[in-house]
Amino acid sequence: MSVFPKISLRHEVEKYLKEGFVNKEVVSAFGKQEAERKFETLLNRLSHPPSFTTVRVNTHLASVQHVKDLLFDELQKQFNGLNVPILQHPDLQDVLLIPVIGPRKNIKKQHCEAIVGAQCGNAVLRGAHVYVPGIVSASKFMKAGDVISIYSDIKGKCKKGAKEFDGTKVFLGNGISELSRKEIFSGVPELKGIGIRMTEPIYLSPSFDNVLPSYLFLQNLPSAVVAHVLDPQPGEKILDLCAAPGGKTTHIAALMHDQGEVIALDKISKKVEKIKQNALLLGLNSIKAFCFDGTKALKLDMVKDAEGKPPFLPDSFDRILLDAPCSGMGQRPNMACSWTLKEVTSYPPLQRKLFTVAVELLKPGGVLVYSTCTISLAENEEQVAWALRTFPYLQLQPQEPQIGGEGMMGAGLSLEQLKQLQRFDPSVVPLRDTDIDSLRDARIEDMIWLANKDCIGFFIAKFVKCKST
């Protein structure tokens, strides 16, 4: 059941996305009404969290069963003995799934309120507590220890430090304040910890703040599929062209049993430090992270660089992952996006630049995986069609495992080509309420099916380079 309004987008952005979904090919195959219904359904799904929390086990340091047992004990503590199942994914053996309980309807709204920013609100809906920087406003007399209701300011209209707010706000649940209003808005920059501890969230998900940090990586299900599709082998040289924060980089290294070389690039130094921290935390030594702009990663002179630093010579890598910068329109939950059309449409040219570099850096016979966490035709299927036209020696490959649906019509790709793509589209399943009783009666196969479908919006394409450029 829908408890939140559909994602709020600028009119021109919604129109642009709709044109991609209600395109001639789709209308010809399914009719305009069905195409429009599917698009509206998708916008509604994006404002709600997925049905499962997904974590990837660091198999480099521990067995899946051992981590599953440790996680079960942790959830028992967090949920006060509530018996929430943990499922191992049958096609992604290193992935564990935890059902999200909700929406819970009998939570009593409190007189004392706190308003949080939209990003903070999205994190709360996926199990996070409220950290001080996310708090925008709080009731006048709020003290530490008060039970308060938390609301998300989805349109960003609440003024920092306000004592009340009558604008558009969405109820997220109740929590206990760790600090008084005065302390929260004291202007002390060091205040970065938990400001409100969630006790009755509308969607009950586990908090993974400092939970088994060397063993677990919180990752959306399609993101965990990507490294399996790339299928890295021990001893290979792999490039992760846009790597931060390092979830897929560390996954690649773990699948290679930490044998070989994984080069991770990102142009923002803080993000590169995060990749290095994650590699260290997870005990992975095959990762080398560099602060470098991926669009400049191709070495133009042919003098060999012995240091192994970017830029690199053509034909240097066995496999390349291009998890491209994108508009991020598939992320969930996301109740509002204030991006302009100019911002949304700025990504395809950048993606093509990066793709061109990736093709040059890939060895003949090598594998290139392109992925995004967005839903637009222009950043997904249209990029595949462009790549096949521009680089005739690239061939689309079937993907293993195939968990998402096939690609969307509209870019001129054949039905056979669309079947080789993976588009994760949460509009294919109805929103449903999950409680402990329904979980007790559910079949494991049905829960896995739901986890595969009701996830974030995502896209994966796999290519092989047939001969030298």
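Cβ coordinates are placed from backbone N, Cα and C, and glycine is handled just like the others.
Unlike curated records, TrEMBL annotations are generated automatically.
Over in TrEMBL, the protein carries these features:
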type     : residues                                                                       : note
ACT_SITE : Cys373                                                                         : active site, nucleophile
BINDING  : Cys242, Ala243, Ala244, Pro245, Gly246, Gly247, Lys248, Asp266, Asp293, Asp323 : S-adenosyl-L-methionine binding site
DOMAIN   : 141-466                                                                        : domain 'SAM-dependent MTase RsmB/NOP-type'
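Cα spacing between Cys373 (active site, nucleophile) and Gly246 (S-adenosyl-L-methionine binding site): 15 Å, rounded to the nearest whole number. Site extent for S-adenosyl-L-methionine: among the recorded binding residues Cys242, Ala243, Ala244, Pro245, Gly246, Gly247, Lys248, Asp266, Asp293, Asp323, the largest C-alpha separation is 19 Å. The Cβ neighbour count for the residue listed as 'active site, nucleophile', using a 10 Å radius over every protein chain in view, is 22.
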